[in-house]
Amino acid sequence: MHVHPISTFRVFQEGHLLRNSIAIFALTTLFYFIGAELRLVHELSLFWPLNGVMAGVFARYVWLNRLHYYAISYVAMLVYDAITTEWGLVSLAINFSNMMFIVTVALLVVRDKRLGKNKYEPVSALRLFNYCLIAALLCAIVGAIGSVSIDSLDFWPLLADWFSEQFSTGVLIVPCMLTLAIPGVLPRFKAEQMMPAIALIVSVIASVVIGGAGSLAFPLPALIWCAVRYTPQVTCLLTFVTGAVEIVLVANSVIDISVGSPFSIPQMFSARLGIATMAICPIMVSFSVAAINSLMKQVALRADFDFLTQVYSRSGLYEALKSPSLKQTQHLTVMLLDIDYFKSINDNYGHECGDKVLSVFARHIQKIVGDKGLVARMGGEEFAVAVPSVNPVDGLLMAEKIRKGVELQPFTWQQKTLYLTVSIGVGSGRASYRTLTDDFNKLMVEADTCLYRSKKDGRNRTSTMRYGEEVV
């Protein structure tokens with residue numbers, strides 16, 4: 001996958017009152033305009049994105065949850081209505097109902113954040129579903145009461161229409177707003193990575209062609225596929241687009257769910273609730289996959305890295321040897337390092353000092369080796385370094401560089417300065433990527449033999465074996 005860097009821009013910034021106020025006013029006006037343009041049948045909008053968007057904004061940026069910011073959003077709604085409608089005082093009640101949804105969802109999500117609840121838990125999606133349900137009901141009660149005088153419908157049909165619209169748009173938009181992020185780089189997808197999205201488009205087309213109430217569920221398998229393959233951000237965005245498109249297509253009878261009978265509000269009520277219920281499924285799956293992936297990374301991190309020294313563990317080293325970056329390996333040098341007289345450090349200064357020595361030692365070795373090799377703790381005070389190279393001499397030079405670097409590096413413990421030394425055994429030979437693990441194991445045996453020779457001959461030395469002879 002190729003990536004292209006893109007610049008990032010933040011609309012809201014903490015502590016910038018004027019900037020945030022202008023942004024809230026502009027955003028409210030923009031999405032009020034979009035919703036007003038979708039008033040196709042009655043005075044009520046077919047699809048009202050404003051409340052979901054603003055609820056997501058206030059929920060996402062905790063520091064925006066201030067009375068004056070909410071007031072600015074409310075005033076923006078009133079100003080728009082004053083310019084474009086003749087609702088008069090009725091506008092106060094209708095827009096207050098909008099604020100009911102925004103404030104309810106925002107405060108409930110902010111409460112979850114303060115309680116430290118994970119945003120990528122499956123239960124998080126279910127909580128959002130419930131929050132939108134509660135907020136939509138409160139919004140619908142106030143809105144239906146306020147809009148009776150400007151709409152030809154009675155209270156109960158208005159309540160059903162208002163509730164279903166707020167609930168469906170909330171479930172579609174709020175998760176999208178909470179997860180939306182501008183990536184630092186723009187990925188270029190491969191053809192096979194686009195298959196779930198293509199399947200989603202085909203399923204929506206099938207809904208149009210086949211029709212019927214059941215056709216609204218056609219995109220669900222494709223959305224589940226997207227949830228498994230894509231990130232929660234992409235999944236929520238695709239779910240929102242799919243749900244919004246279906247609602248618009250149903251309202252315009254492009255997707256015919258009326259089965260020969262005249263289209264009515266109860267059918268729109270059912271369609272919206274069905275789409276909202278369907279939408280939460282891929283979001284829950286996506287959050288589940290994200291949680292599992294996060295857990296797997298933590299497990300892999302614990303298995304592949306030594307907790308104390310933060311270098312590879314034994315198993316992690318073997319996994320690293322499988323990396324495609326080592327495909328050009330022609331020669332491999334394996335070093336076994338043993339800190340000299342480490343037991344006396346534990347005996348004289350305590351195990352806490354010993355742990356600190358191991359940590360500092362590993363960090364120093366990692367700094368010397370850099371990206372030229374792999375460093376791992378094999379157990380106790382014994383470490384291994386694997387250096388893939390083209391020239392056999394490179395590994396031996398690296399071993400001596402490590403030995404001298406350790407010898408010259410002072411270690412301070414409780415105002416006492418200690419100097420460490422290390423004995424190194426080196427195994428060196430030809431290697432290829434296909435057999436790299438086997439080659440490593442063979443050279444480990446050779447390095448272990450040479451390490452024994454280094455310790456036997458007085459420690460603080462590097463030993464290697466060439467052509468059957470031992471060279472120090």
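Note: Cβ is positioned from N, Cα and C throughout, glycine not excepted.
Among the candidates Glu319, Glu352, Glu381, the residue that Swiss-Prot names alongside Asp338, Ile339 for the Mg(2+) site is Glu381. Feature transmembrane segment, per Swiss-Prot, maps to range 237-257 of the set 237-257, 384-404. Across the structure, Asn346 (substrate binding site) and Glu381 (Mg(2+) binding site) are spaced 11 Å apart at their Cα atoms. Ranked by CA distance from Asp355 (substrate binding site), the binding-site residues Asp338, Ile339, Glu381 have Glu381 at the top as the closest. By the count of Cβ pairs under 8 Å, the stretch nearest in packing to the transmembrane segment (21-41) among 90-110, 128-148, 237-257 is 237-257. Outside the transmembrane segment (237-257), and at least 6 residues removed from its termini, the chain residues within Cβ reach (under 8 Å) are 38, 40-41, 46-47, 168-169, 171-173, 175-176, 180, 197, 200, 204, 207-208, 211-213, 215-216, 219, 223, 226, 230, 263, 267-268, 271-272, 275-276, 278-279, 282-283.
Residues Leu337, Asp340, Phe342, Gly380, Glu382, Phe383, Val422, Ser423 surround the recorded Mg(2+) site, their Cβ atoms falling within 8 Å of the Cβ centroid of Asp338, Ile339, Glu381, which are themselves excluded.
Reported as a whole number, the C-alpha separation between Glu381 (Mg(2+) binding site) and His351 (substrate binding site) equals 12 Å.
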